[in-house]
Amino acid sequence: MNLPVQTDERQPEQHNQVPDEWFVLNQEKNREADSVKRPSLSYTQDAWRRLKKNKLAMAGLFILLFLFVMAVIGPFLSPHSVVRQSLTEQNLPPSADHWFGTDELGRDVFTRTWYGARISLFVGVMAALIDFLIGVIYGGVAGYKGGRIDSIMMRIIEVLYGLPYLLVVILLMVLMGPGLGTIIVALTVTGWVGMARIVRGQVLQIKNYEYVLASKTFGAKTFRIIRKNLLPNTMGAIIVQMTLTVPAAIFAESFLSFLGLGIQAPFASWGVMANDGLPTILSGHWWRLFFPAFFISLTMYAFNVLGDGLQDALDPKLRR
């Protein structure tokens, strides 16, 4: 007996369907949440951005720019020649005609101050550049080679570092005679030692990084690796050291001038002018010492605060 086949004709249950867009993530909002708000900046741009936030360092930078500009155009702003003498205008105080007064020979102190700025700043910058060239090459090779070569090169540095700096400079000045070139040579004989030690320490830290090892693997020569891979990553410390070398050289030149071993007449530097003006303080001629000493102090202060600012700005650990 065939039983009738019962078919389930029940309709499928109707469920309330949730719109698909409810389950779609808001990609735009997630993308905004995951994105970094800080703009992409290069190392140099980021360092400049942080340096601009340091008001003291920026003040030092503007002071130095002012001094360098005045060293170029300052002597031309005065109608008086740097070597012109006038026995009727001896030791005149600052006035509308002589803005910084005159010296014992009637020469305009304003003109001589900015002419002396050329020599003082030139000595400082040249000493820093020579220290940079010698110190970077010497320290870079010592740090990169390592081993016995590094030990020998560092023993030489220790010997030079142990010598009395000013004694060596004075001895060279006596042997070679006074002059601008002699001063620069004397200041750089041992002045590069500090730069070499800093560069060596930086190179020792980064010479085993992957990109340096890759250059070695592809057969790059030592000086190419130092120039292309190592030096660009040590420039922060090098620049800071140079900003400290310049005022040190200016101060050393001023000290030598106080000892009578500086620039010879009729030329003048800030140190020579300060040395000439020192005995006149008791006579009431204060301006002869004040202006050169003031600009020496201002230059050293500006370089030091700029160096501190650059040290903070160029430090990769401080990047945000």
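A Cβ is built for glycine as well, from the same backbone N, Cα and C atoms used for every other residue.
Feature list (source: Swiss-Prot):
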TRANSMEM  56-76  transmembrane segment
DOMAIN    117-307  domain 'ABC transmembrane type-1'
TRANSMEM  121-141  transmembrane segment
TRANSMEM  154-176  transmembrane segment
TRANSMEM  230-252  transmembrane segment
TRANSMEM  267-287  transmembrane segment
TRANSMEM  289-309  transmembrane segment
Sequence-remote partners of the transmembrane segment (230-252) [C-beta within less than 8 Å, at least six residues beyond its ends]: 47, 120-121, 123-125, 127-128, 131-132, 136, 140, 143-144, 166, 169, 187, 191, 194-195, 198-199, 202-203, 206-207, 212, 270, 296, 299-300, 303-304, 306-307, 310-311, 314-316
Contact yes or no, the transmembrane segment (56-76) and the transmembrane segment (267-287), 3+ Cβ pairs under 8 Å, gap 6+: no
